[in-house]
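My questions will all concern the structure given below.
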Amino acid sequence: MSILKCLGVRGNQLCAARNYLKVLGFSSFHTAPNSSIEIQTQDEEVVIALGSNVGDRLHNFKEALKLMRKSGIHITRHASLYETAPAYVTDQPRFLNSAVRADTKLGPHELLAALKRIEKDMGRTDGIRYGPRPIDLDILFYGKFKVRSDILTVPHERIWERPFVMAPLMDLLGTAIDSDTVASWHSFSGHSGGLNALWEKLGGESLIGEEGMYRVMPVANGLLDWSRRTLVMGILNLTPDSFSDGGNFQSVKSAVSQARLMISEGADIIDIGAQSTRPMASRISAEEELGRLIPVLEAVMSIPEVEGKLISVDTFYSEVALEAVRKGAHIINDVSAGKLDASMFKVMAELDVPYVAMHMRGDPSTMQDSENLKYDNVCKDISSELYSRVREAEISGIPAWRIIMDPGIGFSKKTEDNLAALTGIPDIREEISKRSLAISHAPILIGPSRKRFLGEICSRPSAVDRDPATIASVTAGVLCGANIVRVHNVKDNLDAVKLCDAILKQKSSPIKFKQ
């Protein structure tokens, strides 16, 4: 249903109205919900806010998104996920908030009716205004139009006063305006600087972590606020041919012993890999990978020390990812960002676990070929190529709040490229922010541990002698904005990470002067 339908135009008025709207670009109109006729038209882009504070909030979001898709609402972008303190009525549980951009042929009142139907089907009842609810769905924007009726006001009239609405809304935009529709949304703010200026007036990014609002990632039946400290991911290779420790942990007993050691040394995450991704590595089948992985994964998941820790599985096979999550894995770490298995994104969309998308050209056997080592601008090229993979993942149904990005240190890069990527994390975020603020806010994982470029710089041909260089590279990466570090030597790198976090915390704290 089109916007013209809601205007109530008929007969020979139709062409004139269409031409008028084309010239106008966007419009404001007043309409009653029943003043319409049925006509077909192109999709309108909309923004819908989501909130929940009753029951399983994450499940409520997933169910609402599924029902929205079934109702003719094609979701194209997701905001980050926020846990927020309740507003207005404060004696109630904390909320999860987010928002989505979507395309729909539904007219504004049809869209409203569809969302109200979803709310009702999910158990929402008429109760206290601003009170507890399993799901709350609000239309923030509808195309280029302002809508005024007895039951609907668009843009939503309280967008501008609510940080828990503005933060997800800003996530759905980029710092660059990507369409006339987005330009109209900025114009609706009433500020010369658009929505960006309005968000900054409210407090902008300084509000995140303050005022009871936290950007979070759902994982292992909890919510992870990765801004509080840097996480350490310990590497557990089950392969006979990994470049650093191949063959050391092929038995279940030795693998479990190594997992216990890394946990005792302070690892937050254990990343289990059963397929080598070193340069020139030969690929094994999913069946062979599962044969190596599952006995160890089951054994590690059963040890008491794993309580409170996260288990990641390093794989580019969707079949392996599916079985790993069934066995209890909390994260899937894919060095190919979905390029080596066409089913990966579809499977991950159903698994509801965080997904690490890494930048790599080619595959492990070809990534160091000359054609894969040519960059015009390393950080810009990584940003563009990685963002294109993440966008495909998002369109496939993996929400931005489950994405972790990895610039791919040591993969399809020369030594100088690795250094540029390691210290260029702010540039990578900035480039991605032009297209999507949500994706630019995603956690960034780096994995420089014992990589060849460190050996080249420090003249350390043996990988096991590169731990001091690894510590230095981890330090550089964390100080430049990395949120997760993937390392072989947990103990020493954890010390480096703690120092970096202390430096960053002191740097971000306001300076107080004695009177």
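We number each residue from 1, going along the chain as drawn.
Using N, Cα and C of the backbone, Cβ positions are placed for all residues, glycine too.
Feature annotation from Swiss-Prot assigns transit peptide to 1-28. Sequence annotations record features per position, and here Swiss-Prot assigns region 'HPPK' to 47-172. Annotation source Swiss-Prot lists domain 'Pterin-binding' at 230-498, citing sequence analysis. Taken from Swiss-Prot, the feature region 'DHPS' covers 232-515. Residues or ranges marked as Mg(2+) binding site in Swiss-Prot: N237. Annotated (7,8-dihydropterin-6-yl)methyl diphosphate binding site per Swiss-Prot: T277, D314, N333, D406, K451, R486, V487, H488, in sequence order.
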In the region 'HPPK' (47-172), how many residues does DSSP put in helix, strand and coil?
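Going by DSSP assignments, the region 'HPPK' (47-172) contains 40 helix, 39 strand, 47 coil.
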For the C-alpha pair, I'd like the distance in angstrom between N333 ((7,8-dihydropterin-6-yl)methyl diphosphate binding site) and N237 (Mg(2+) binding site), rounded off.
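Distance (Cα to Cα, whole Å): 13 Å.
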Among the binding-site residues D314, D406, which residue has the largest number of other Cβ atoms within 10 Å of its own Cβ?
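Of the binding-site residues D314, D406, the highest Cβ count within 10 Å belongs to D314.
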In Å, rounded, how far does the Cα of D406 ((7,8-dihydropterin-6-yl)methyl diphosphate binding site) sit from the Cα of the residue listed as 'Mg(2+) binding site'?
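Spelling it out, the Cα of D406 ((7,8-dihydropterin-6-yl)methyl diphosphate binding site) and the Cα of the residue listed as 'Mg(2+) binding site' are 19 Å apart.
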Between V487 ((7,8-dihydropterin-6-yl)methyl diphosphate binding site) and the residue listed as 'Mg(2+) binding site', find the distance joining the two CA atoms and give it rounded to the nearest Å.
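About 11 Å separates the two Cα atoms.
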Using all protein chains shown, find which of the binding-site residues N237, T277 scores highest when you count other CB atoms within 10 A of its CB.
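The residue with the most neighbouring Cβ atoms within 10 Å is N237.
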In DSSP terms, helix, strand or coil for the residue listed as 'Mg(2+) binding site'?
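Assignment for the residue listed as 'Mg(2+) binding site' reads strand.
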Rounded to the nearest Å, what's the C-alpha distance separating T277 ((7,8-dihydropterin-6-yl)methyl diphosphate binding site) and the residue listed as 'Mg(2+) binding site'? Just drop the number here, would you?
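Cα-Cα distance, T277 ((7,8-dihydropterin-6-yl)methyl diphosphate binding site) to the residue listed as 'Mg(2+) binding site': 10 Å.
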Let me know the largest Cα to Cα distance in Å among the (7,8-dihydropterin-6-yl)methyl diphosphate-binding residues T277, D314, N333, D406, K451, R486, V487, H488, as an integer.
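Farthest-apart Cα atoms in T277, D314, N333, D406, K451, R486, V487, H488 are separated by 18 Å.
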Which whole-number value in Å describes the distance between the Cα atoms of K451 ((7,8-dihydropterin-6-yl)methyl diphosphate binding site) and N237 (Mg(2+) binding site)?
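Answer for this pair: 15 Å between alpha carbons.
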Tell me, how many other CB atoms lie within 10 A of the CB of V487 ((7,8-dihydropterin-6-yl)methyl diphosphate binding site), whichever protein chain they belong to?
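The Cβ of V487 ((7,8-dihydropterin-6-yl)methyl diphosphate binding site) has 28 Cβ neighbours within 10 Å.
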Between 0 and 100, where does the mean pLDDT of the region 'DHPS' (232-515) sit?
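On average, pLDDT over the region 'DHPS' (232-515) sits at 94.
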What's the CA-CA gap between N237 (Mg(2+) binding site) and R486 ((7,8-dihydropterin-6-yl)methyl diphosphate binding site) in angstrom, rounded?
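Here the two Cα atoms are 12 Å apart.
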